[in-house]
Amino acid sequence: MTFELRAAFSPCGDQPEAIAKLTQGVRNRTPSQVLLGTTGSGKTFTIANVVANVNRPTLVLAHNKTLAAQLYQEFKEFFPNNAVEYFISYYDYYQPEAYIARNDTYIEKSLLINSEIDKLRLSATRSILERRDTLIVSSVSCIYGIGSPENYTSMALELTVGTEYPRALLASQLVKMHYQASSVPQRSTFRERGSVIDIFPAYESELAIRLEFFNDTLTSIDYSDPLTMMPKESVTSVILYPGSHYVTPEAVREQAIRSIREELEERLAFFQDRPIEQDRLFHRTTHDIEMIKETGFCKGIENYSRHFTNTPPGAPPTCLLDYFPEDFLLVIDESHQTLPQIRAMYRGDFSRKQSLVEYGFRLPSAYDNRPLTYEEARKYFHNVIYVSATPGETELNESQGHIVEQILRPTGIPDPIPEIRPATGQVDDLLEEIRKRLSKSQEKILVISITKKLAEDIAAFLSELDIAAAYLHSGIETAERTRILSDLRLGNIDVLIGVNLLREGLDLPEVSLVAILDADKEGFLRSTSSLIQFCGRAARNVDGKVIFYADHKTLSIEQTLKETERRRHIQLEYNKANNITPKPIIKAIFANPIPQGGKKAVQDTPQKPLSTQELEKLIKKYENLMLQAANAFRFDEAAQYRDKMKAAKEQLLYLS
């Protein structure tokens, strides 16, 4: 299949030129290109056009899952008939294993896996192995810690009508593929009923596979509704992929066990004069070996990944990139933040594991379950497009002049020129500006503070004045962060104060004011790149305004003003030449998509916007009601609960 782009609009402004240049660069095998596009210029739409033109499997990397979710939603709309997949961390909660030597504290790995995201991850790898019209959106931190594609594909099971499959052996094979026998129809399970085997793939929630046999001969294969098991499509063959990325063939598992034991013997000899560490390592590793031998899995199995891939110490680990073919297209979004994250991940992982290995909690091979170094990652950059409004030196140097600018916005809105006001009395002045805008409906204000404490104090001050304000910084727990962002999108918050709001992907057309406090305090979040990015947050509103509160102009402020004026001049000249009047973006705030009405309302659904916690409870409630209805053979009712659960999950995915 080929990528089929669907959009209600056509490329305009400088988008056609950018699309043509980037497409030609990919076709000419240019290793690196930069799309330097202003905020709101339609960079995602441009990339979608390039993907459709070159028709290659594509990986889009974002630096956090908030941005990844936004990109996933957009590409899903552009390519409704293609395999657009989402690959992020499947942990709702994750505490990595660690040992603090100074106070002899061992912290065991603790985690909570999100089943829905696990399904999406498995769906992503299935698609890239089967289809070339696959686009995967991923956060950069989660492409690691995944089993090898060779082991994964070797455990896939191809079933063909007319072939004999001894039923007992087939059931045994399904268990080895991490499917469980169960009478309840849910993901990663199978059930036997007479001459029928129903399989519920780990990567599907809308389809089940029904196999019908005569003795041991497979007579039919149907894709069926997982609740009613009514057939949707009959096929002559199907490939069933494993229920986990960590499955391994038995021969590989046996070889890995031998290799682990050899390393254990070497390490026990190393700890000869340290009996505590020696005993600890022996018992922990021996227990893991027994678990792998009996079940094919153990807690922390990723720490033995080198033994399963049979690679030498220090070799690059397998990752999501290995699942892609050689000619894939790599798009690195917000590259000025994503590339530094790739560089930093290896160092952070190594320092955490150092004490675990040194004190006998892990074998040295645990070091090889790690992120790629930047040099290792670059070997995958055969065809890469860096996307950023402010690309860094790395991207500019690696692109060797292949830089495509996209300055014009489809809306015709020019870059706002920052207004500089004194930092003295900045909070009082800010309050006056906020009150002006709150008299207009649906306008929002972003405030950038220099410290977490100042963000909290300003939020408290505004709240006392009955202004709907909230603060957001790195000290906020993930669940609370999600709630705040959803409240902002749903209109429950008018003013958001933060230290680094760039990472949140807040591109809201309702934002009419961006105020940067203490803009003259030169540093990371007051650099030219950051200031330009902050200004872009107001460039989606016709009346967008940016205020720098500064007592003097720093070099970063001067460079920001110069670049903003350059872009604004180009934008205004184009508007004048083409008789364009700036117009606002039509972009509705995300609403509750849970369906109402229909054939028969099985349960009243709350009309008010739901928080993350409320959605999670609602999903669990619908799941229980769905299973109860299915077990009672009330399949129409169960299907309605399934649809409601799916809609709630989609909203939760968007908000997270």
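Yeah, the Cβs are placed from backbone N, Cα and C, and that goes for glycine too.
As annotated in Swiss-Prot, motif 'Beta-hairpin' covers the listed stretch 90-113 rather than the other ranges in 66-89, 90-113, 498-521. Neighbour density for S41 (ATP binding site): within 10 A of its CB lie 28 other CB atoms from the protein chains shown.
According to DSSP, G37 (ATP binding site) sits within a strand segment. Residue counts of the motif 'Beta-hairpin' (90-113) by helix, strand and coil are 3 helix, 15 strand, 6 coil (DSSP-based). Within its own chain, G42 (ATP binding site) has G13, Q15, Q406, R409, P410 as residues 6 or more apart in sequence whose C-beta sits under 8 angstroms from its own. Of the binding-site residues T38, T39, T44, T38 has the largest number of other Cβ atoms within 10 Å of its own Cβ.
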